[in-house]
């Protein structure tokens with residue numbers, strides 16, 4: 001049968017629909033996109049790893065049977081995650097289909113694949129990320145003319161990588177001949193090491209300096225790596241002097257990255273620094289609704305509200321909880337409800353809550369531990385019985401929260417961020433040699449986990 005994979009799949013859907021529940025069909029089967037036929041294998045793309053696992057374990061035989069009924073041939077089935085799609089599967093048909101859907105396809109001009117799901121269209125804007133989004137869009141609209149470099153920082157899972165990919169997609173969409181490279185700092189370091197080992201320094205420098213846009217994720221990881229910092233310093237200078245755009249992301253602002261060379265720190269601050277904070281409730285709800293729409297999931301509002309109330313600090317955890325509930329519903333054949341959500345998330349909600357440590361909570365627990373008042377931490381008192389517990393509290397705030405040093409200092413009576421750095425370094429050093437301090441910090445950490 002010489003029919004197009006899409007035509008074959010449309011006929012298969014009619015067969016599969018009659019052999020599955022409505023929930024299972026809408027949740028799992030409808031998420032599949034046919035991509036090509038390679039010899040005796042029918043290639044299908046799915047949105048994520050969870051869907052791939054469910055389909056592989058529960059629906060492979062059913063899909064194979066449906067294919068055989070439609071084509072009179074026995075095909076094997078292979079599931080590919082759409083964001084990890086190898087270039088050889090980007091056929092003209094799939095490119096056209098994805099363009100119709102509004103996705104931007106990564107072209108061969110890019111040295112590294114961008115996630116097709118991470119675009120400005122799919123990014124949910126809220127008070128916590130509005131500035132970073134606006135800055136990213138400005139850079140994407142006018143590379144090397146708006147802000148150069150653009151430095152985006154924030155905690156894990158808040159959308160930094162999403163914005164980085166979105167910038168790359170937008171630039172390529174507007175100018176397909178533009179040379180854009182997206183890379184993690186870890187990959188940059190590994191490629192540098194290999195280039196030294198294989199005596200390919202010229203090729204390495206050519207790759208990263210003869211481009212129009214460089215996006216480096218998690219730049220904080222080059223701290224402490226002298227040779228990497230040296231190489232990146234010269235790469236930065238070459239691109240900047242050639243009026244090429246540089247975008248960097250980190251889990252903290254440049255001034256808070258330890259063992260980062262001052263010459264790099266100052267360059268990171270030349271352009272615009274934009275932060276992303278944890279999303280508020282309204283933004284968390286919007287993120288969940290967006291995810292449900294994209295994945296074509298029918299989730300009651302009260303279930304999304306339950307998730308948004310329980311998971312506050314991490315977008316990945318939010319979306320993961322939603323998918324977990326859908327999977328639990330499908331596997332147990334139960335309708336999605338708040339009760340089902342409570343049951344599905346009982347293992348991760350408790351651990352998620354224990355991670356939700358705030359500055360206020362730390363101040364409260366540490367002050368009680370040392371028989372002090374929270375107001376003592378915010379006062380100007382410098383006696384050891386107040387100053388040392390205050391330093392421990394600052395250390396724990398730096399260790400257990402995503403708050404910036406200036407924010408921590410502000411919550412301790414408006415102290416300067418350098419005071420927080422001093423407290424963190426002092427406690428860190430003392431922990432290596434003071435057993436009683438180590439026991440106290442461990443005890444405090446356990447108490448915070450139990451809150």
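Each Cβ is built from the backbone N, Cα and C atoms, and glycine gets one as well.
Taken verbatim from TrEMBL:
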- 157, 159, 160, 161: ATP binding site (BINDING)
- 146-274: domain 'AAA+ ATPase' (DOMAIN)
- 358-427: domain 'Chromosomal replication initiator DnaA C-terminal' (DOMAIN)
- 1-94: region 'Domain I, interacts with DnaA modulators' (REGION)
- 113-329: region 'Domain III, AAA+ region' (REGION)
- 330-451: region 'Domain IV, binds dsDNA' (REGION)
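Helix first, then strand, then coil: DSSP counts for the region 'Domain IV, binds dsDNA' (330-451) stand at 90 helix, 0 strand, 32 coil. Note: the ATP site is recorded as 157, 159, 160, 161; in the same chain, 154, 156, 158, 162, 163, 249, 276, 315, 316 also have Cβ atoms within 8 Å of that site's Cβ centroid. Between the binding-site residues 157, 159, the minimum number of other C-beta atoms within 10 Å of a residue's C-beta occurs at 157.
Here the region 'Domain IV, binds dsDNA' (330-451) has a mean pLDDT of 86 out of 100. Summary: among the binding-site residues (160, 161), the fewest other C-beta atoms within 10 A of the C-beta are counted at 161. Secondary structure of the domain 'AAA+ ATPase' (146-274) per DSSP (helix as H, G, I; strand as E, B; remaining residues coil): 67 helix, 24 strand, 38 coil.
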